[in-house]
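Colleague: Quick one: the structure is below, questions incoming.
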Amino acid sequence: MRLLPRLLLLFLLAFPAAVLLRGGPGGSLALAQDPTEDEEIVEDSIIEDEDDEAEVEEDEPTDLAEDKEEEDVSSEPEASPSADTTILFVKGEDFPANNIVKFLVGFTNKGTEDFIVESLDASFRYPQDYQFYIQNFTALPLNTVVPPQRQATFEYSFIPAEPMGGRPFGLVINLNYKDLNGNVFQDAVFNQTVTVIEREDGLDGETIFMYMFLAGLGLLVVVGLHQLLESRKRKRPIQKVEMGTSSQNDVDMSWIPQETLNQINKASPRRQPRKRAQKRSVGSDE
């Protein structure tokens, strides 16, 4: 009987605890925690909104900077409609590295006011982005006044750097001038992609070997022709010319021994028939 109240007390203590752990109908603690979670969610959303506003504020300066850059680009001086320009490369549109490139720029004033041509400049740009400079050449100061309906010609020359040989670059040639009112103009006389040619200095090994090979081949041809002509001369037979024996002087006596010739010369010649007949006639008269 004493254990029964104790067991009942333990049951009363354990049952509510089990119900609370399982989330039963007496779950007031879980309901009490919901407001805190809602507060955390609200705080997170507020923080996210603040981050979005900060990102928007950060993006606005970049947009303003881009707008300023576009305004700067658009504010660059342009060519005047009252002027016309032409360009002529003296040696053609070939750009050898480490060699002088010369061209002439013609300026025509088609307006009614004077133009003051200030300078002429040239530069190599990156082919994919002409805003990126590779090599900037020295500007040529001109300060020349061109009256209305008149023309002027200007000469400019530059030397491409030797390491640029064999690569394409954007060549930009600008003519800067202004009118009497102070309005500044800039005309892109030439704005195209060109290729710098590698300069060939002297003779390379392949060229020298080719010349030596051709010289040796020519010498062999000459020697072969000479040997061919000599062999034909040797094979050609000697034509024997038959000489008559009409006179004694035409006979070749060199093959006869000298002793035999001496004996022939000592022998008395034969008498001719006429001399014998004359002697007989003289004897008959006697």
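Backbone N, Cα and C define each Cβ position, glycine as well.
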Colleague: So one of Ser80, Ser268 should carry the feature phosphoserine according to Swiss-Prot; which one?
Modeller: Ser268
Colleague: Work out how many Å separate Thr260 (phosphothreonine) and Asn136 (N-linked glycosylation site) at their Cα atoms, rounded off.
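Modeller: The Cα atom of Thr260 (phosphothreonine) is 110 Å away from the Cα atom of Asn136 (N-linked glycosylation site).
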Colleague: Hey, does DSSP put Thr260 (phosphothreonine) in a helix, a strand, or just coil?
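Modeller: DSSP call for Thr260 (phosphothreonine): helix.
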Colleague: Round to the nearest Å and give the CA-to-CA distance linking Asn136 (N-linked glycosylation site) with Asn191 (N-linked glycosylation site).
Modeller: 14
